[in-house]
Amino acid sequence: MADPPGCCHPCATCLLCLYSCHWITAKEKRKGLRTTKCDCSWFLFLFCVFLFTLVWLYFAIIILNDFHNFNEFIFKQRKLWLDWSLVLVIATAVLITYSAALLVLALCLQLCGQPLKLHWLHKTLLILTALVVAAAFTGLGIKWAEEWRSARVSLQATGPFLHIGIVGGMTILAWPLASFIYHTRNTGLMVFLLLVYCMAMTALYLAPLGITSPCIMEENQLPPKPALVGHRGAPMLAPENTLMSLRKAADCDVQVFETDVMVSADGVPFLMHDEELTRTTNVQAVFPERTNLNSTAFNWTDLQKLDAGSWFLERRPFPTVQSLSAGDRNQVTGQRIPSLQQVLEAAKQSNISIMFDLRPENHSDYQSFVNATLKVILQSGIPLQQVLWLPDGFREQVKQQAPGVQQVYGRKRLQNEKEPLLRVNLPYQDMSSEEIRQYRQDNISVNLYVVNQPWLFSVLWCSGVSSVTTNACQVLKEMKHPIWLLPSSTYLMIWIVVDCASFLAILWAFFLLKKCSQRRWPAETETDVLLTKINSLMQE
């Protein structure tokens, strides 16, 4: 097979060596190695694996918003702390780089008119890549199914830009496609590929008709910036559920400190999220024989003996730990488990509200937990409107004893709601942009959790959410505007320009490669005629 103009033989041979792990000698070249149907099938498989891995890369980027929950889950199961997001990013980068490099080699070989002889080692690695990604998707669906809904939310932020990127990628694909079509002698295959490509491009050109995003709006329609709720304080800047974390959250202009309350064996409400103390204290060193006990099994005196800060420096739950100042590091090592009374006093001084869950909900003494918690709140002197009550258990009792406490519900409103909801607290995956707008029109405050990434905060901002619970208050505090905001007229112009530019580039690719192929065809035809005559003479 003759090399196209501009594709030197050494370059083509080098590309073929990387793809096929085999140097093509002059003798082999004279034999005319060609791409077989099996080779085409492997190229199609390579292309599918690349797309499959690319989709996983998108998911990996999206789920980084919630990956701290995964780290906590693994620690609860294996008692091993590791930032698994680094493992995810590195593994995904290796897989996408490998499949992309192979695909680029294949496309370059096609443009150079070389056979696509994929080596068995590459075939094996491609199969392994597909199996690894399939296993990752399967695990995601089984153990972390809500992330599928996160992906749907993410399309509101990325949809317009994904469309532009996919159109660009498919436009570039026109070059090797045109090269293959002008080289193949299989008319049926040529027609099939052209038909599929034209249908795909037509669908892409019209895709914006189905793309919706709350951030496609006029500047003057943008709702106010959502208030920030500190998830266990400011856990990227200080150990979670500590007084230091509350102070750091207040420095981030957080309006609400969200936390979790438990009650000790002697009736003292204190701050703790996990049912066990192993993740956020040094209970293994102080009480090794009681390590696996429930947090509520300890009395307040024993709880005060625990270090609730050093784990933060040792395990580094967030990358931001590395950038802490020396003064902050000294404060971290001095943190203890705070009582609810201490936290209410600090919240009163900082003039921020406190919202909490009371755990564990299935405890046999849960009503006594409610009573003990209410007693502390009423005795603290904090204005009751600064207290946001999340637990559903014994809610009517709370309303009677502390009517000034603001009730927050972890569910959507019902059609036959006896008492109108004023505040709801839900995962960000559970509410659509349309529902958020409707709740806002009905004066219902909507808080969504946990929102850490600026892209997600931007989507919810454009949707009109009242507040978001976040681990990254120091990041979201600095955002003065959504990441992007496009008037519909501007988006329409971008859509038209991109589609027109793509269409012209595709026409140019087919026209240019047709010219190149026509330059080769006369010479190849004359050679074929000469070889035919020589063959006839030898037979005579």
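Glycine is no exception: its Cβ is also placed from the backbone N, Cα and C atoms.
According to TrEMBL, the feature domain 'GP-PDE' maps to 226-480. As annotated by TrEMBL, transmembrane segment applies to 40-64, 84-112, 124-142, 162-182, 189-211, 492-513.
Only residues 6 or more beyond the boundaries of the transmembrane segment (189-211), in the same chain, are considered here, and those with a CB under 8 A from a CB of the stretch are 159-160, 163, 166-167, 170, 173-174, 177, 180-181, 491, 495, 499, 502-503, 506. Residues 160, 163-164, 167-168, 170-171, 174-175, 178-179, 182, 201, 205, 208, 486 of the same chain lie 6 or more positions beyond the ends of the transmembrane segment (492-513) yet place their CB under 8 Å from a CB of it. Listed by sequence, the residues of this chain that lie at least six past the ends of the transmembrane segment (124-142) yet keep a Cβ under 8 A from its Cβ atoms are 45-46, 48-49, 52-53, 56, 59, 63, 91, 95, 98-99, 102, 148. Mean model confidence of the domain 'GP-PDE' (226-480) amounts to 96 (pLDDT, 0 to 100 scale).
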